[in-house]
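S.K.: Residues or ranges marked as transmembrane segment by TrEMBL: A:6-27, A:66-88, A:122-140, A:160-183, A:190-207, A:227-247, A:267-294, A:306-330, A:363-383, A:395-414, A:421-438, A:450-467.
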Amino acid sequence: MVNATTLTFVVYLIGMVTIGIIAFRLTDSLSDYILGGRSLGPGVTALSAGASDMSGWLLLGLPGALFAAGMNQIWIAIGLSVGAYLNWQLVAPRLRIYTEQASNALTLPDFLENRFSDETRLLRVLSAVVILLFFTFYTSSGLVAGAKLFEATFDMPYDAALWIGAAVIIAYTFLGGFLAVSWTDFVQGTLMFLALIVIPFVTLQQVGSWDAVTAAVAETNPEFLDAFHDMTVLGIISLAAWGLGYFGQPHILARFMAIRRVSDIPLARLIGMGWMVIGLFGAMFTGSIAIAYFGPDQLDDPEKVFIVLSQVLFHPMVSGILLAAILAAVMSTIDSQLLVSSSAITEDFYRQILRKEAPETELVWVGRISVVIIALIATLLATDRDSSVLSLVSYAWAGFGAAFGPIVLLSLMWRGLSRNGALFGMVSGAVTVVVWKAQTGGLFDLYEILPGFIVCGGVAILVSLFGKPASEETLVEYDRIRAMWR
Amino acid sequence: MDATLTTATWYWLLIPMPLVVLLSLLSWLVHVLGARRGEG
C-alpha cells in the first residue's frame with residue numbers, strides 16, 4: 001500500500017519539476033519571472049489565485065472543524081466567499097489596468113509608489129520590507145505544517161520530509177518563476193478540487209443518504225446543526241471578518257496583475273468563485289458526513305478526517321492522488337509567497353534602488369538567487385518546528401489585510417487618497433493589529449483584522465482630507481486611467 | 001421542532017456562497033452578450 005501511494009507522490013513531484021523546466025524556457029525578462037509577462041489565461045489565473053490562497057486548512061482544518069464542532073464554523077466560509085468575490089469584483093480589473101498603465105508596476109510596492117508618485121520611496125521600502133519579513137515566516141510555517149503532516153501520515157522523518165518538500169518547491173520556483181508557480185498552482189488547484197468532490201461523494205454513498213447524515217449529526221450532538229451554538233456575536237463577526245483580508249494579500253493580488261486581458265476577468269471570476277465555493281462546500285460536507293461515517297469520538301485528531309477517509313475508502317493509488325492534494329494545497333501557497341518575497345528583493349530593492357540599469361538577464365538571475373536564499377532561510381527556520389518566530393505568522397493574514405487592504409481599495413476607487421494618507425493608514429492599520437492582538441478579553445476578543453481595517457481606512461481618509469492633498473500629477477493620472485475601466 | 005428550525009437556519013445562512021457564484025455567472029453572461037453585441 002505504501003509503495004503505490006509513494007509512487008503516486010513521486011510522479012506528482014516529478015510533474016511539478018517538469019512544469020518548472022518548461023516554464024524556464026519561456027522566461028526571459030524580470031516581468032516574465034515575477035509576473036509571467038502578464039500572459040495568464042482565465043482558468044490559470046482563477047485556480048492559481050484560489051490555490052495560492054487556500055492552504056492545508058481547506059482540506060484538513062475546515063473538515064476537521066465541522067467534524068469536531070458542527071455548523072458554527074460556516075461563518076468563516078461565508079466570510080471568505082464574500083471577501084474573495086468582492087476582491088475579484090472591485091480590485092481585480094482596476095488593479096490589472098492601473099498596474100500596467102502606471103509605469104508598468106510589477107509588484108504591490110511598485111504599484112503603491114507609482115500610484116502616489118512617491119519620490120521619497122518610503123511606501124515602496126516599507127511595504128517591501130513587511131512583505132519580505134512576513135512571507136519568509138509564512139513560507140517557513142507552511143513548510144513546518146507540510147513536514148509535520150508527512151511525518152504523521154507516512155512515518156517519515158520530519159527533517160527528510162521538510163528538505164524533500166523544500167527542494168521540489170525551490171526547484172520549480174527557481175527555474176520557472178511566476179509561470180511555473182501559476183501552472184503548478186493550476187494543477188494543484190485541480191487536484192484539490194477533485195479531492196474535495198470525490199471524498200464527500202464516496203463517503204456519502206457509504207453512509208447511504210443525506211437524511212442519514214443529519215440524523216447521525218443530531219444524534220451525536222443536536223447543537224452541531226445550529227450555526228449559533230457556542231458562538232457570541234463577536235465570535236461570528238470575527239470568523240466572517242477573515243474575508244476582509246483578501247484585499248491586501250500580495251500573493252493573490254499578483255494573480256490579478258498577471259491576467260492576459262481585463263476582458264478575461266469575468267470568466268476568471270466565475271471559475272475562481274465556482275472553484276472556491278464548491279471546494280468550501282466539499283470540505284464542509286466532508287466534515288459533516290464523516291460524523292455519520294465514523295460515529296462520535298472515533299478519531300483522535302479531527303483534522304485527520306480527510307486523510308483517514310482517503311486511506312480507508314480508496315485504492316492506494318487513488319488514495320495517493322487524494323493525499324497529494326493535501327501536499328498540493330500546502331505547496332501552492334508556499335511557492336506563491338516565496339516568489340512574492342523574491343520579487344520584493346529583485347524589483348523593489350535591487351532594480352529600483354541598487355542597480356537601475358541592470359540588464360534583464362541579470363535581474364532574472366537575481367530573482368532566482370533570491371528564491372533560493374529566502375527558501376533556505378525559511379527551511380532552516382522550519383528545522384526548529386517549535387520556533388517561537390513562527391508564531392509571527394498569526395499576524396500575517398490580518399496584518400496584510402489591515403495594512404494593505406484599505407489602501408489598495410481606496411487607491412483604486414478614490415482619486416483623493418494622498419500619499420501621506422496611504423502611508424499613515426498602512427502604519428496605523430499594522431500597529432492596530434499588533435496592539436489589538438496583544439490584548440485579551442471583552443472587545444479585544446474580536447479578530448484584529450476588523451479594527452485594523454477600520455483604523456487604516458479611517459486614518460487614510462482623514463489624513464487625505466485634512467493633510468496635504470493628493471498631488472495634481474497623481475489626480476491627472478488617476479482620471480486618465482479611470483476613464484479606461486469605465 | 002428545534003432540530004428542524006436549526007437545520008433550516010444553517011441552510012439559509014449558506015445562501016451568500018452560491019449567490020456569489022450566481023452573481024459571477026450573471027456578470028460573465030452580461031460581458032459575453034455585450035461583447036457579441038459590440039461585434040455585431
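Don't overthink the numbers, they just go from 1 along the chain as shown.
Cβ coordinates are placed from backbone N, Cα and C, and glycine is handled just like the others.
Predicted automatically and left uncurated, TrEMBL annotations should be read as such.
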S.K.: With pairs closer than 6 in sequence left out, are the transmembrane segment (A:395-414) and the transmembrane segment (A:306-330) joined by 3 or more CB pairs under 8 Å?
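M.R.: Contact between the transmembrane segment (A:306-330) and the transmembrane segment (A:395-414): absent.
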S.K.: Could you give the residue numbers and ranges of same-chain residues that sit at least 6 residues beyond the transmembrane segment (A:122-140) on either side and whose C-beta is under 8 angstroms from one of its C-beta atoms?
M.R.: 107-110, 112-113, 116, 250-251, 334, 337-338, 340-341, 344-345, 348-349, 352-353, 374-375, 377-379, 381-382, 387, 389-390, 392-393, 395-396, 399-400, 403-404, 419, 422-423, 426-427, 430
S.K.: With a Cβ cut-off under 8 Å, give me the same-chain residues at least six positions beyond the ends of the transmembrane segment (A:267-294) that come close to it.
M.R.: 42-43, 45-47, 49-50, 53-54, 58-59, 62-67, 71, 73-74, 77, 80-81, 84-85, 88-89, 92, 189, 192-193, 196-197, 199-200, 203-204, 206-207, 212-213, 215-217, 220, 224, 259, 302, 305-306, 308-309
S.K.: Let me spell it out: take the transmembrane segment (A:6-27), skip the flanking residues so only those 6+ beyond its ends count, and list any with a Cβ under 8 Å from a Cβ in it.
M.R.: 33, 154, 164, 168, 171-177, 179-180, 183-184, 187, 191, 317, 320-321, 323-324, 327-328, 331, 364
S.K.: Counting only residues 6 or more past its boundaries, what in the same chain has a CB within less than 8 Å of a CB in the transmembrane segment (A:363-383)?
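M.R.: Counting only partners 6 or more residues beyond its ends, the transmembrane segment (A:363-383) has Cβ contacts under 8 Å with 27-30, 32-34, 132, 135-137, 139-141, 143-144, 147, 159, 162-163, 166, 169-170, 173-175, 177, 338-339, 341-343, 345-346, 350-351, 389-390.
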